[in-house]
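> Just lifted these from TrEMBL, have a look:
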DOMAIN    47-114  domain 'P-type ATPase N-terminal'
DOMAIN    925-1175  domain 'P-type ATPase C-terminal'
TRANSMEM  308-332  transmembrane segment
TRANSMEM  369-390  transmembrane segment
TRANSMEM  957-977  transmembrane segment
TRANSMEM  989-1009  transmembrane segment
TRANSMEM  1039-1061  transmembrane segment
TRANSMEM  1081-1101  transmembrane segment
TRANSMEM  1108-1127  transmembrane segment
TRANSMEM  1147-1166  transmembrane segment
Amino acid sequence: MVKASGKRKQRIKWSKLYTFSCLNPRTTDNDAPNQQLLGQPGFSRVVFCNQPELHKIKPHKYPSNYVSTTKYNFMTFLPRALFEQFRRVANLYFLLGAALSIPKLAPFSPESMITPLVFVVGISMLKEAIEDWSRFLQDMDVNSRKVKVHSRNGYFVEKTWKELSVGDVVKVNKNEYFPSDLLLLSSSYEDGVCYVETMNLDGETNLKLKRSLEATLSLDDDVEYTKFQATIHCEDPNPNLYSFVGNLEFNNGTYPLSPTQILLRDSKLRNTEYVYGVVIFSGPDAKAVRNSTRSPSKRSRVERRLDYLIYVLFLLLVMMSVVTSIGSALVLKSEADMWWYLRLQENADSPFKPSKPVTSFFLQFVRSLILYGYLIPISLYVSIEVVKVLQAMLINKDMRMYDGLSGKAVEARTSNINEELGQVEMILSDKTGTLTCNQMEFRKCSIEGISYGGEINEVDLAASRRMNVDVERYRISIDGSDSTGQSIEMFEYSVAEADAKQAVLGCDHAIENSDIEHRRIPASGKEPTIKGFNFRDDRLMDKMWIHGSNAHDMIMFFRVMALCHTGIPVEDGNSKRLKYEAESPEEITFLIAAQEFGFKFCQRTQSVMFLQELEPSSGIEVKREYKLLNLLEFNSARKRMSVIVSNEAGEIFLFCKGADNIIFDRLADNGRIYQQATTAHLSNYAEDGLRTMLFAYKKIEVVEYESWNTLFTKAKATVGTEREELLEHASEMIEKDLFLLGAVAVEDKLQKGVPQCIDKLAQAGLKLWLLTGDKRETAMNIGFACSLLRHDMKQFHLVLSKEAESSHQLKAVEEDILSQIRNSYQEIVKGNKKDVPSALTVDGKAMEVALRSEISNQFLQLAVMCDSVICCRVSPKQKALIARLVKEYTGKTTLAIGDGANDVGMIQEADIGVGISGMEGMQAVMASDFSLPQFYFLERLLIVHGHWCYKRISKMILYFIYKNVAFGLTLFYNEIYSNFSGDDLYDDWYMVLFNVLLTSLPVIALGVLEQDVSADVCLQFPALYQQGQRNICFSWKRIFGWILNATLSSVAIFTVTIYILSPAALRQDGKVADLAHIGTIMYTCVIWIVNCQIALIVTHFTWITHVLIWGSILCWYIFLVLYGMLLPEHSQGGFHILIEAIGTAPMYWIVTFLVVVVTLLPYFIFSIIQRSFYPMDDQVIQEIKYGRTDVSNKPMWLREQQNSRKRTQIGFSARVDAKIRHLKERLHRTKK
């Protein structure tokens, strides 16, 4: 292959080889109306090529090429971040309290109210700023990429992407991304053709062919752009990836433009040394960027429920304040005359005005709202923020989610929705680059009705193990076929059981020798030594195929593989093997396989292809040349590709490859010899998730070819709308009466661990939808490979009928889709009664109709009932719309995962967005909430960390509410007990330190370190994950249960303390406890109880947990000592209160002990009853692990794992179960 540089161009003119319209841009009658729209609204853009300075001033000033994915910028950070903070109702409440403290309506000073609010909001805003800064840095990485730009003097200089402007001429080299939407001017090929990989945009792995206008082909060197100037009139920026309307004014001519000349941002140049292009749409105007959305602000379901909980607590607070105000007014009215010595009328600041009961009521109400504010803890949000950041750090540091190959680890890019990971019910996944590796491997083939490369698949292996069968291979032909392997059903039995099983089956056929079978089928799981070739079968390898009985058909099979393609050989300096570049990865795989079988495609010119073939008679390689007469390329409508070649002897052959239904329809009567066997093999290959393709050929007589070629050449030269029809008719004439040679099966290689991950997620109760831009056949192959589909599933296909599509009437199209939806729904309802699994596949055009508001609910109702959903040919906008509709319709937590720019909208729209930090771009990662180097890490992220985070945050919030309600209610009881006197039960410093120091750290330890079960147990019992889906740990039942527990605790604390200390002396000298003593003693009881309570709910103790719980209690006593050492004007009633007053009194310690026991005893008894008679799943496992029953009784432990599995219809385990049922049914039928 000749590299292009300057005037040295690559010599192959692809436009002369290709037949159909992709390389023949033209203006049709249908395009004329679009061209007339230019200059009107929506089609008003003007681009001055090679004159970017004209686009820096109005009226043609366009955005720069800078792209941002951040939530904030310098101007919007403060208002938007404040808005986000005050969406939390608790912050609004404390803002109100701070405002009321300024006119001295609150019982606390303004400083004590404003400072905590500023601190809390400031910490949260700082966290938001840090996370957005990381997004900004990743944006800088993309915007700082380099590209060569024409500098107006004939030279191209490197500039960053963000420096590009509309009108700039750029030069993009092979394997580089396009920095913006470009108009293709010329390429390294003489006819201006280039290959483009659009996987980042639409998920398709096949390369797209683009071709420049013939008018710009002369712009093939750097110096040609010194005087280049042109004007483009085109459509305004829009998100449509597949359309473009415009024209180019150049050299006094006007040339219509089409999508064939447009190179989109984030697509990649492949198999072409370089291209020249001019920037049309830059930055936010680019189509790929238009398909994305701004980073949304996401809040978890737990946090949203917390808002409602705050409303409940606020309602409780208002009720308490009303009771206090009414009680105060009544007492003041009835007993104020007896309190003359208090001089209430003379105290202007007092809220008690006997002469003004209404004013007193209002002032007391405001005072009570602030006093009882501990029911709504302001520090709760700060603690949650701190805990979530620490949780994110632990996720990032989990070495089990580190990928050694790429050197990347899981990254929590935001910590706002950690707990949401534990409540996911729907997963929307991209295919290419997410489930697959973007690599094809040649796995199996069927030649002359014999299957080769028959490696046992993992489903059969697992089924045989489940049936207590060894892995030694034995094949028993159930249907009486011969040993050639035609239509064979494979069963596998152990050596010891083989004869017995054969007798049971009633078969007289001999079992093949295990040594032979072992030689034919290697052990599974070995890594291929040749990239793209994972095939092992000694009957074909190492030239062994030449000893076959019918070498002619095998030779023709390999010739189809080596000649029917658009590939180009590339020298590999480190190996004798050639590398290849081609339009599709399948073609590269076929060329590599042909090379391994002895048919090396070694050279291509404009009209000749050279093969280095293995000669069967001599066993040596011979170089032969084949003249390429015609190439009928593959497209989605034809579903086949053919080449017509003549060999050195002048014989003319047509070699064809294509989809099975297309090839079968074009076989000659005598060309169907192997059809039955090949059909059976195709079914087996498809069940393994392999892509299949048939090979066929025919020999053409010279006279027949010349006659056909005349007609074909005439059709190819036709200009107009009838050209396609004439070409298709001509191809139908020659592509018939074919002879079937066999089939090939290639694997779109899945990423490591994908089937196992999907299986585990399915057992955890998650549903997975596959959304891809690929065609339906490809998507379904991957569905089988990753166990989303099974052959025993009832499959429904939602696709526009030809009649409805040709009618061009929206109503007819909608009625067609609606009819299909209703019919499918009725069948599913019937099937569910019989427990029949179902799957739904939806085509892109049908999806566009189904997502319309009129019928979207019916479509979603159908889709949600299916066990598996695969959406094909979907655009980025459709992916985002599906994510939004699924989220809104089901009300379930939705996770979207992808790796390309086409997945950004879906990732941002879902409740949780996950980006794969693979080999392609970083757009998905930059828009995501979490990034993974491999899909299978999603299993641990959700089932382990998601489960932990959900339970940690839930426990943490419930405990926080418990301790604050219990503490706040003691203040309310004291108001009632003291006849609403307004005296503060606790010292101001006690109030401040309660949430800041004395109870805050154990809560953080609970939120960060708590584990109900270990990570290994989470993975062994994935059904535990359903606790989060059902929201068991943060249900209203549990919330009110903890509020009731807090109420009972507060009653016990207050009543026991008061009624022990009130009638008796505190000290031995007869001194009774005053208000400061009672407040301190009661506060001590509160500190002990709330810290002991957290010790009761913790299930995973670490030394950190112990230190923080018991250290918090110790800190209280240390504080009392230090506080008592201050001067009385500072410590007030706390002066030497522990050392001299209560610490020396035995009653103090007795009361503390009694109150703690009495308060915690009800919860302790409740826990025993609940764990003994109504245990939750995790509690059962805890008891098993604590008693080490999992070690002493291993079968019971395994049985518990099996019983805990959620019965699913998708996943590897479901396929194994279905396989076992199938085998047992076959055995049962055979015995009869």
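Cβ coordinates come from backbone N, Cα and C, glycine included.
TrEMBL labels come from automatic prediction, so no person has curated them.
How about a rundown of where these features are and what they're close to?
Mean per-residue pLDDT, taken over the domain 'P-type ATPase C-terminal' (925-1175), amounts to 88.
With a cut-off of 8 Å between Cβ atoms, the residues of this chain six or more beyond the transmembrane segment (1039-1061) that come close are 309, 312, 958-959, 961-970, 973-974, 977, 1072-1073, 1077-1078, 1081-1082, 1085-1086, 1089, 1093, 1147, 1151, 1154-1155, 1158-1160, 1162-1163.
Within the chain, the transmembrane segment (1081-1101) has long-range Cβ neighbours (under 8 A, six or more residues past its boundaries) at 955, 959, 962-963, 966-967, 970, 985-986, 990, 994, 998-999, 1002-1003, 1006, 1009-1012, 1049, 1053-1054, 1057, 1061, 1073, 1109-1110, 1112-1113, 1116, 1142, 1148, 1151-1152, 1155-1156, 1159-1160, 1163-1164, 1167, 1182.
Outside the transmembrane segment (1108-1127) by six or more residues, the chain places 989, 993, 997-999, 1001-1002, 1004-1005, 1080, 1084, 1087-1088, 1091, 1094-1095, 1098, 1134-1140, 1143 with a CB less than 8 A from a CB of the stretch.
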> Test the contact criterion for the transmembrane segment (957-977) and the transmembrane segment (308-332): 3 or more CB pairs under 8 Å, pairs 6 or more apart in sequence, then answer yes or no.
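With 3 or more qualifying Cβ pairs, these stretches touch.
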> Within the domain 'P-type ATPase N-terminal' (47-114), count helix residues (DSSP H, G, I), strand residues (E, B) and coil residues, in that order.
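Helix, strand and coil residues of the domain 'P-type ATPase N-terminal' (47-114) number 32 helix, 3 strand, 33 coil.
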> Sort out the residues at least 6 away from either end of the transmembrane segment (369-390), same chain, that have Cβ-Cβ distances under 8 Å to it, and list them.
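Residues packing against the transmembrane segment (369-390) from afar: 88, 90-91, 93-94, 97, 100-101, 105-108, 113, 116-117, 119-120, 123-124, 127, 303, 310, 313-314, 316-318, 320-321, 415-416, 418, 952-953, 956-957, 960-961, 964-965, 967-969, 971-972, 984, 991, 994-996, 1000, 1003-1004, 1007-1008.
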> Going along the chain, which residues at least six beyond the ends of the transmembrane segment (308-332) come within the CB cut-off of under 8 Å?
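Cβ under 8 Å, 6 or more out: 88-90, 93, 344, 351-352, 354, 357, 360-362, 364-365, 368-369, 372-373, 375-376, 957, 961, 965, 972, 975-976, 979-980, 982, 1039.
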